[in-house]
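Colleague: Here it is, the structure, as structure tokens.
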Amino acid sequence: MQLPELFEEKMKKLLGTEYEDFLAGYEKERHQALRVNPAKISAEEFLRISPFTLEPVPWAKNGFYYGTEDRPGRHPWHEAGVYYIQEPSAMSVAELAGVQPGDRVLDLCAAPGGKSTQLAAAMEGKGLLVSNEIHPARAKILSSNIERMGILNAVVTNEAPERLAPHFPAFFDRIVVDAPCSGEGMFRKEEQAVSQWSQDNVDLCAKRQQDILEEAAKMLRPGGVLVYSTCTFAPEEDEESIVRFLLKHPEFSVKKTEAYEGFAPGRPEWVKLTDEEKESVSVERLEAVLASVKDTFRLWPHKLNGEGHYAAVLEKADGNQGEELSTLRIEKTERKNRKNGKSSGKSGVVSAEAEAWKLYREFAADTLVHGHEGIPMLYGEQLYLLPCELNLEGLRVLRPGLHLGTVKKNRFEPAHALALALKAEDVKRSVSYGSDSREIRAWLSGESLEGSDGRGWTLVQTDGFSLGWGKQAGGILKNHYPKGLRKQ
Ligand SMILES: C[S@@+](CC[C@H](N)C(=O)[O-])C[C@H]1O[C@@H](n2cnc3c(N)ncnc32)[C@H](O)[C@@H]1O
């Protein structure tokens, strides 16, 4: 593989005698992995029924390497959100975040959704996940992955960090900043990262990372945890980003976290600071900050089975004031939401929402055995269930919680997202076809199937995993699989 010359020189200088091992890493076979979605199936059960050759990823609870011959992306289970295909090293980040059910979590740079879907799995549907992506097209992909994995409690936004921050002061328990970076660790995976590499870009990324971290810091509650990660080897974007941030933020420190097998410590000796930066704090503090960087993590492809990654777990000092501020704020937004009747603020919106809820309830009475909990919210014709009261006014929101469906002239059409969040035992009518059946191939390409005598909305599944809605009438199961997802 042809690496950029300047990059090679730089790594040689940094790594010294280890450089040859590092280079040899590029000759190693690339490892591919998937992460089982516990909302759909346990890892144990998946191992029992899976057609793939699986080996556990040591640092990820539900992560497995799959065999070179396996094509999990082409299996209908992929469309049913049974697993998420993810680069194995990337699975370390959400694990390090130590998220618990009920937490308020922000994934600030979230597309296409690897970390968000992993954080959601740890949350078990409880609490709030705000999954944000700055690029509109990438935010759409993120939103569809959130949908595919059947996540109940995620709000997907398409915002710049500085526009998000004023909405969520000291609000989140955990924040993941999986920063845009120069991607040196992905050279084997993405050729574009090689062709676009330059030292200027490394410096540009480092500057951008500081800006993003600044905004993230504002949104983390005292006592909260911030995980910062990149997929690059460049110290400017890794240890140096962390040291720069810590020097400016004495309320933050590196949280000592147990390293997983194969993880290497961060390298304080690679940090280059300006004189001004060095003089901005006492000598003792500077030394302490630099030393703490040893407790951050480098994932090297020549030391483990995965691509290059860096991760730092930071902790914000505790204090009571932030806690109170954040609680007060939620009470305020609750009242505001109720009064304004959500998005448009036009008169009649609240009654339109009540009407939409009534139509949903009629649908639910006919179709569901168990519904979901949440706060109904109508955006135009789309009805959602918010995981908690939130003021999202003024933000670009793609998915304010679980999409229940669309209100169409006095009838309710259930959303694809709702189907993916339901199991057979949650509904009154379901059909399941084998993943290798003719019916499933036909279904995924948009064809309707032969139905039964019944009538109404029916959950269509493959091997017992929900794939979407069909509607029974006149002996036909009409296909409601979204047009944009159909396979030719
Ligand atoms: C490393 S990727 C995130 C990968 C994602 N966390 C995952 O696991 O699937 C970094 C993301 O940051 C976004 N980004 C780029 N510039 C940004 C900025 N100024 N602020 C926030 N995010 C930005 C990129 O569009 C990209 O989707």
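Each residue, glycine too, has its Cβ placed from N, Cα and C.
Caution: TrEMBL annotation is automatic and unverified by curators.
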Colleague: Need a hand: TrEMBL gives Cys109, Ala110, Ala111, Pro112, Gly113, Gly114, Lys115, Asp178 for S-adenosyl-L-methionine, which of Glu95, Glu133, Glu162, Glu191 is also on that list?
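Modeller: Among Glu95, Glu133, Glu162, Glu191, only Glu133 appears alongside Cys109, Ala110, Ala111, Pro112, Gly113, Gly114, Lys115, Asp178 as S-adenosyl-L-methionine-binding in TrEMBL.
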Colleague: Cα of Gly113 (S-adenosyl-L-methionine binding site) to Cα of Cys231 (active site, nucleophile): how many Å, rounded?
Modeller: 15
Colleague: At a 10 Å cut-off from the C-beta of Cys109 (S-adenosyl-L-methionine binding site), count the other C-beta atoms across all protein chains.
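Modeller: Looking across every protein chain shown, the total is 22.
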Colleague: In the same chain, outside Cys109, Ala110, Ala111, Pro112, Gly113, Gly114, Lys115, Glu133, Asp178, whose C-beta lies within 8 angstroms of the Cβ mean position for the S-adenosyl-L-methionine site?
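Modeller: Neighbours within 8 Å of the Cβ centroid, excluding Cys109, Ala110, Ala111, Pro112, Gly113, Gly114, Lys115, Glu133, Asp178: Asp107, Ser116, Ser131, Arg138, Leu142.
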Colleague: Check the domain 'SAM-dependent MTase RsmB/NOP-type' (22-317) for me and report the mean pLDDT.
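Modeller: So the average pLDDT across the domain 'SAM-dependent MTase RsmB/NOP-type' (22-317) works out to 97.
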Colleague: Max CA to CA distance in Å over the S-adenosyl-L-methionine-binding set Cys109, Ala110, Ala111, Pro112, Gly113, Gly114, Lys115, Glu133, Asp178?
Modeller: 12
